[in-house]
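Quick one: this structure, given as structure tokens, is what I'll be asking you about.
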Amino acid sequence: MSPLPAGSVIGILGGGQLGRMLAGAAAQLGFDVNIFCPGDSPPAARVAAGHWDAEYDDETALSDFAENCDVITYEFENIPVASVANLVSKGVIVRPGVKSLEVSQDRLAEKQFLNAIGIETGAFEPVDSVEQLETALETLGGEGLLKTRRDGYDGKGQVRAKPGDDLEAAYKEIGQAPAILEALVPFEREISVVIARASDGSMTAFEPSKNDHGNGILKRSTVPCGLPNDVVARARKLAETLATETGHIGVLALELFVLEDGTLLANEMAPRVHNSGHWTPEACAIGQFEQHIRAVADWPLAPVTRHFDAEMENLLGEEALAPPESYPDGTVLTLYGKRDPKPGRKMGHIVRRTGRV
């Protein structure tokens, strides 16, 4: 594929806030954007040139969408693999490709893949019944985190479990779906590496951010992350390995646990732009959204030099309803255009520059 000229059309599967911010970055580079997402008026569709309101397994609608796009990308990982594979089989350029999507949709397959390419994770066991849950707890030596293998995000689809608990109730809480039991990791901090890979294999990695969560939802990301240079270099190398082994084109994120001795264990990957990278447009020479569009469009990746220390904070639910004047000078506010501020729902974020590099 040759570099897309300005005026070309980039299609995005998914209509949430990530698609909305990708659309903004694409527009800045002179591209038009079409959105494919079921729903009357999703956030990304309201800033796009076109909107296809159809289910992700609607092959007729997807084919029509593809005919109106020069390249297609996706903003979340729960799009049916078969739908993307079908587009690719017809010669449609989809970036990232099927492999990244396939690996990231199943937590068990994801961890097995990470281990197979030399990226360590915490211990885990598959769970498909209450009996298997009992055995898995014994194998892992105590308490664990029971998660559905598919779907689930921001703390949904998971529950802690330990011997002596009502394990039947725990399994019912996740819908008795195919699951994975993950051993609890005694981490010192959580970080993530947001990396971009181009079609020629070149890569740029943003500095890792330190991530703080509440109730399973990312609350704050901070750079610098406070780790020694050698640990940061190892974290970047792991992300590079993942991007290379999946043949990824675009941005992906690798979430990592950091142990007291500097050991790095992968938590999960996201084959897309990531919440923990929302600080990048305000702190770096280029942000994750523009870098993703560059990779997808076959433009050269830009340097990701960080010019500022920064802190990104998610605005959940009614936190996003605060009056603009309530934010201190220098705060960069981004609202996602969502209309129902449910508790725990990501409605926007703020970025504060906390110092020059």
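Each residue, glycine too, has its Cβ placed from N, Cα and C.
Straight out of TrEMBL:
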| type | residues | note |
| --- | --- | --- |
| BINDING | R107, K147, 152-158, 182-185, E190, H213, 267-268 | ATP binding site |
| DOMAIN | 111-297 | domain 'ATP-grasp' |
Going by DSSP, is V185 (ATP binding site) sitting in a helix, a strand, or coil?
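The three-state answer is coil.
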Out of R107, K156, which of the binding-site residues has the smallest number of neighbouring Cβ atoms within 10 Å?
K156
